[in-house]
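Worksheet: one structure, shown below.
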Amino acid sequence: MAINFEQVNFSYGAGTTLAQPILHDINVTIPDGQVTAIIGQTGSGKSTFIQHLNGLLKPTTGRVVIDDFVLTSDLKEKNLTSLRARVGMVFQFPENQLFANTVLEDVMYAPINFGYAKADAEFAAKTALKQVNVSEELWDKSPFELSGGQMRRVAMAGTLASNPDIIVLDEPAAGLDPKGQKELLAIVRGLKEAGKLVVFISHQMDHVIAVADHVIVMHDGGVVAEGTPVEIFNKDLVWFKTVALDLPKAGQFAEQLRQKGHILRHRPLLLTELATMLNEEKRHE
């Protein structure tokens, strides 16, 4: 199921003298079956944008269409249950939301909340824990005894246990060490392979390159570009300065080499790609 934002505007305190406009005239489609990265400088509206995906926020004007569900400003809270069953949200530092006595009990909470019988909730929780590579020996431990990376995976399992079609991740790799980041990106790839639509916010462009099929760029509350990683990261340097974004590491190195006289046919996205281009350049000298 694709997600369509149609003429979406959002203001905190809408209709008051203290209204604070955040999102402006958002018209964008998040394609089904892909991993979409939302990027942009701090304060560009990314978190506000994704909170419209499961009705934590509702458009001040316009609408968000997810399959047959239409989110508008006048939708009642009681009508959001079906949307939230379809759209799972994992917030930044989700381990702060862990609360139960054991890992398994924590992950069972969401499916029970959505009406699963206890036995079904336990099966769903165990399936989700396996999906994010949390070993069985940890299931009966307190989640607060785990490492940061393990806690992050348990929190993700809590969202996956109710089997949503859409997974939304706010800075999923924030605060993790390199090993934890690598494991997290592997989980994102696995979610796509399982047929999920994945949306994630990231400030790390190399993570975007590693897993995203589709990229949405936000700046000052609006969508200023969208496309494949190749399309986005081959825009000119002036544009990147305008939207206050960095290039991936390979792109940064490539620009430094260009300034030193190297001729590269395009801006590489991966360091391995850059190495190949330099080897080709050397062979033609």
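Each residue's number is its place along the chain shown, starting with 1.
Using N, Cα and C of the backbone, Cβ positions are placed for all residues, glycine too.
As recorded in Swiss-Prot, the features of this protein are as follows:
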DOMAIN    3-245  domain 'ABC transporter'
BINDING   Gly40, Gln41, Thr42, Gly43, Ser44, Gly45, Lys46, Ser47  ATP binding site
ACT_SITE  Glu171  active site, proton acceptor
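Shown on the structure are the features that Swiss-Prot records.
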residue	record	Cβ neighbours (10 Å)
Gly40	ATP binding site	24
Gln41	ATP binding site	15
Thr42	ATP binding site	8
Gly43	ATP binding site	14
Ser44	ATP binding site	23
Gly45	ATP binding site	21
Lys46	ATP binding site	22
Ser47	ATP binding site	18
Glu171	active site, proton acceptor	19
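Cα to Cα, Lys46 (ATP binding site) and Glu171 (active site, proton acceptor) are separated by 10 Å. In this structure, the C-alpha atom of Thr42 (ATP binding site) lies 12 angstrom from that of Glu171 (active site, proton acceptor). In this model, the domain 'ABC transporter' (3-245) carries an average pLDDT of 94.
Other residues of the chain with a Cβ within 8 Å of the Cβ centroid of Gly40, Gln41, Thr42, Gly43, Ser44, Gly45, Lys46, Ser47, the ATP site, are Met218, His219.
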